[in-house]
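Enquirer: Once you've had a glance at the structure underneath, I'll fire off some questions.
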């Protein structure tokens with residue numbers, strides 16, 4: 001049974017709505033909005049605002065605390081205090097912010113820290129950020145070849161380092177050096193300071209992508225490609241606004257460390273990797289990237305094997321009851337049910353009808369692998385082996401670690417076609 005050391009009435013949950021109107025709000029976020037005693041929100045489009053108001057009638061719009069010439073930091077302090085005050089009254093409060101509620105958001109972090117320090121239950125739920133949208137719309141993978149993310153003014157003030165071998169993402173490029181707020185937009189008159197730094201690091205002809213995520217479902221994102229020098233042109237500079245983000249692709253690819261490749265045994269003895277990583281698809285925004293064919297001999301061989309594919313012996317398809325599927329969905333989307341389960345696993349599991357004995361036992365235990373075994377109808381001996389020998393069980397066939405992605409960098413080292 002899992003119990004909480006925090007017994008104070010009142011809680012704070014911070015959620016995000018994503019960037020694109022309504023559609024990027026998670027089911028988890030929506031469930032907390034619906035269950036809250038009071039909701040405070042700060043969103044950027046009226047459709048999302050209207051949607052929130054249909055899900056909970058006890059809502060407060062935090063956007064009203066901005067004002068022309070008013071310090072944004074003062075506004076953020078006020079926003080956080082408004083939420084914490086209601087938590088202190090014993091209410092279950094939800095704070096809603098656009099995008100990811102913890103990415104380039106000040107009041108969410110402040111309110112959470114204060115609530116936690118005073119002994120209240122407080123947590124943040126993830127959301128879709130502008131950077132997530134950027135990765136999707138520009139079709140880039142932050143893991144290849146790595147990514148640095150900065151706020152533009154901080155990037156300049158603290159002389160943050162740049163790696164010309166990695167992606168660079170700069171937020172708030174439309175309000176460089178501006179600490180206050182204006183309903184009509186920002187006079188970005190220090191923008192040239194940012195351009196100077198980019199030219200210093202990358203040169204005048206290096207590409208920069210001006211990115212704005214789509215905020216409405218009928219819109220397309222802005223993905224305009226310029227050179228650093230073109231950013232100095234007034235007609236282009238004035239397109240950069242408060243919701244603009246810059247993506248700067250790598251200037252060059254870093255050479256592989258041959259000694260490390262040998263130590264990791266990524267290549268057969270005597271085989272030497274390419275000087276430049278060759279990965280398909282290539283980054284369309286990056287200059288001088290080697291072309292790679294989509295159907296190399298190794299790809300064709302892998303595709304040919306599909307004709308003879310059969311699920312391996314260790315693969316376990318889903319084999320769960322409707323009762324178990326329904327209760328796991330309820331735990332994911334019903335905050336009250338989740339609280340009841342966390343308070344007493346056994347009592348909750350006993351109250352659920354139509355579970356199989358293995359499913360009920362797993363739910364009582366609350367162990368994620370026990371639940372996986374029950375829903376996949378896997379032998380309980382696998383779970384027992386894992387408990388007895390820990391990591392050793394994974395070497396004997398227990399799926400202790402699930403790998404759902406392949407790092408392209410390793411693949412590029414191993415391919416010499």
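In case you wondered, yes, glycine gets a Cβ from its N, Cα and C as well.
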Enquirer: Looking at Swiss-Prot, 98, 100, 103, 130, 213, 244, 245 are annotated for S-adenosyl-L-methionine. Which of 172, 284, 300 sits in that same site?
Expert: 172
Enquirer: Among 43, 176, 401, 409, which is annotated N-methylvaline in Swiss-Prot?
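Expert: Going through 43, 176, 401, 409 one by one, Swiss-Prot annotates 401 as N-methylvaline.
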Enquirer: Swiss-Prot tags one of 99, 177, 411 as N-methylglycine; which one?
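Expert: Record lookup in Swiss-Prot returns N-methylglycine for 411.
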Enquirer: Here are some residues: 39, 173, 406. Which is flagged as N-methylvaline in Swiss-Prot?
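Expert: Record lookup in Swiss-Prot returns N-methylvaline for 406.
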Enquirer: Given the candidates 15, 60, 228, 413, specify the residue that Swiss-Prot annotates with N-methylvaline.
Expert: 413
Enquirer: Taking just the CA atoms, what is the gap between residue 76 (active site) and residue 244 (S-adenosyl-L-methionine binding site) in Å?
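Expert: The separation of the Cα atoms works out to 21 Å.
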Enquirer: Measuring Cα to Cα, how many angstrom lie between residue 103 (S-adenosyl-L-methionine binding site) and residue 72 (active site)?
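Expert: So the Cα of residue 72 (active site) lies 16 Å away from that of residue 103 (S-adenosyl-L-methionine binding site).
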Enquirer: Between the Cα atoms of residue 244 (S-adenosyl-L-methionine binding site) and residue 98 (active site), find the distance and write it as a whole number of Å.
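Expert: Just about 15 Å between their Cα atoms.
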Enquirer: On average, what pLDDT score does this prediction assign to the region 'Clasp domain' (252-378)?
Expert: 88
Enquirer: At the level of the C-alpha atoms, what whole-angstrom distance separates residue 100 (S-adenosyl-L-methionine binding site) and residue 72 (active site)?
Expert: 19
Enquirer: Of the recorded positions listed here (72, 130, 172, 213, 245), which is spatially closest to residue 98 (active site) when Cα positions are compared?
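Expert: Nearest candidate: 130.
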